[in-house]
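Notes follow the structure.
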Amino acid sequence: MDSSDIQRTSIAVIGGGLVGSLNACFLAKRNFQVDVYESREDIRMAEFARGRSINLALSYRGRQALKAIGLEDQIVSQGIPMRARMIHSLSGKKSAIPYGTKSQYILSISRENLNKDLLTAVEKYPNAKVHFGHQLLKCRPETGVITLLGPDKVPKDIACDLILGCDGAYSTVRTHLVKKPRFDYSQQYIPHGYMELTIPPQNGDFAMEPNYLHIWPRDTFMMIALPNMNKSFTCTLFMPFEEFEKLLTSRDVLDFFQKYFPDSLHLIGKEALAQDFFRLPAQPMISVKCSSFHFNSHCVLMGDAAHALVPFFGQGMNAGFEDCLVFDELMDKFNNDFSMCLPEFSKFRIPDDHAISDLSMYNYIEMRSHVNSRWFIFQKNIERCLHTLMPSTFIPLYTMVTFSRIRYHEAMLRWQWQKKVINTALFFFGTLVALSTTYLLTGPTFRSSLGCLRRSWNSVTYFQNIGRISL
């Protein structure tokens, strides 16, 4: 293609989702010319928005990124605080496990509404534009040239100073980087899928306590429910695919819920459950890791394109938003020099994003199984007690991840150390209690037996001395 056909822009953001639109705001604030290319239609105009609809849990890292572009208050006002997990046992008993102190909470946020607000925020910058219906065909990170297919169905080359790949877990930008030398990539589909259901309002109000993340843990699977602003709850059933495949009829589904989630059955409604369960098949969940996140000084990956997470720590969006914030901080540090900023971004974020990926996998086991354990709850209480007594020394993992900007990999290392300290202390304490109990229970008997042995030995010695027996 002739060079005269190439239109020069400064920054091309591929993907107009959450991370792409937030990144566009950060970069537009720096007076770059920013063009966002989104393959979907404008979700603000669409009658039905395609894509994922899992509710999001907005926490400190994400809020700090929104604060940096002046959107925190607007977004927070549209969320519902969740201060604890509400555990629903099989018997119907409910118990709360606080996330942190009374002032600490996460927010249940609508993915769709947040994306709409971020797109609107991008368009308020005169130097930023969102192009809908533009599919990325080719990416040449060596030169900063991308080929797009727009609504006119004519491929078009665009050159830019920087390509930001924010196009999700199945990133097209990343597929071009994978072909480059020394670019490592791995993906893992977990054996569990998810399905969304709804608990509607009852009598114009929430059907359950609204300020909780409700969990029905059942060891190998679980269901959760997050509150919505319209007083409904979005329920998500996470379960191995083979279990989904066993539920073939409405009767199977109703019997399954009656057995494992009996208190939710009347909340969802039998008729609605029987219909909604078969509306869409269970969806897969993928975990993606790659290294590095950049190529030369022309291309960088962020969000799910760099590190797709399973959703069990509620950090997918928050980690992606923190990517944007860290990149913005590095741009300050290196005075907008991409050749310095991009390598440092990879060096800084890869350990953190790999750590939160591993922690997200672990947290699924905790949510579906460990929360049923009295020992787990006992350990959580010990952690909270130690954190109260020594707030700067002992910090619970969830607090570090959700209510601070402690780097993810540092939080994981610190958590592992704290677990060793607590387990060692509990072992010695348990041993001391066992020895003390043994002494109290057997002490008199032990002393009596010792006295008998002493008298017997004295008798033997006496007879030996007078020559009546020989040993």
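Glycine is no exception: its Cβ is also placed from the backbone N, Cα and C atoms.
What Swiss-Prot says about this one:
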BINDING   Val19, Tyr37, Glu38, Ser39, Arg40, Ala57, Arg111, Leu136, Thr172, Asp304, Met317, Asn318  FAD binding site
BINDING   Arg85, Tyr99, Asn363, Tyr398  L-kynurenine binding site
TRANSMEM  385-404  transmembrane segment
TRANSMEM  425-445  transmembrane segment
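Annotated features taken from Swiss-Prot, shown on the structure.
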residue : record                    : DSSP class
Val19   : FAD binding site          : helix
Glu38   : FAD binding site          : strand
Arg85   : L-kynurenine binding site : strand
Tyr99   : L-kynurenine binding site : coil
Arg111  : FAD binding site          : helix
Thr172  : FAD binding site          : helix
Met317  : FAD binding site          : helix
Asn363  : L-kynurenine binding site : helix
Tyr398  : L-kynurenine binding site : helix
Cα separation, Tyr99 (L-kynurenine binding site) to Met317 (FAD binding site) (Å, whole number): 19
From binding-site residues Glu38, Arg40, Arg111, Thr172, the one whose Cα lies nearest Tyr398 (L-kynurenine binding site): Arg111
Least surrounded among the binding-site residues, given as Val19, Met317, when other CB atoms within 10 Å are counted: Met317
Closest of Arg85, Tyr99, Asn363 to Glu38 (FAD binding site), Cα positions, binding-site residues only: Asn363
Local Cβ density at Glu38 (FAD binding site) - other Cβ atoms counted within 10 Å: 24
Least surrounded among the binding-site residues, given as Tyr99, Tyr398, when other CB atoms within 10 Å are counted: Tyr99
Cα proximity to Arg85 (L-kynurenine binding site), best match among binding-site residues Val19, Arg40, Arg111, Thr172: Arg111
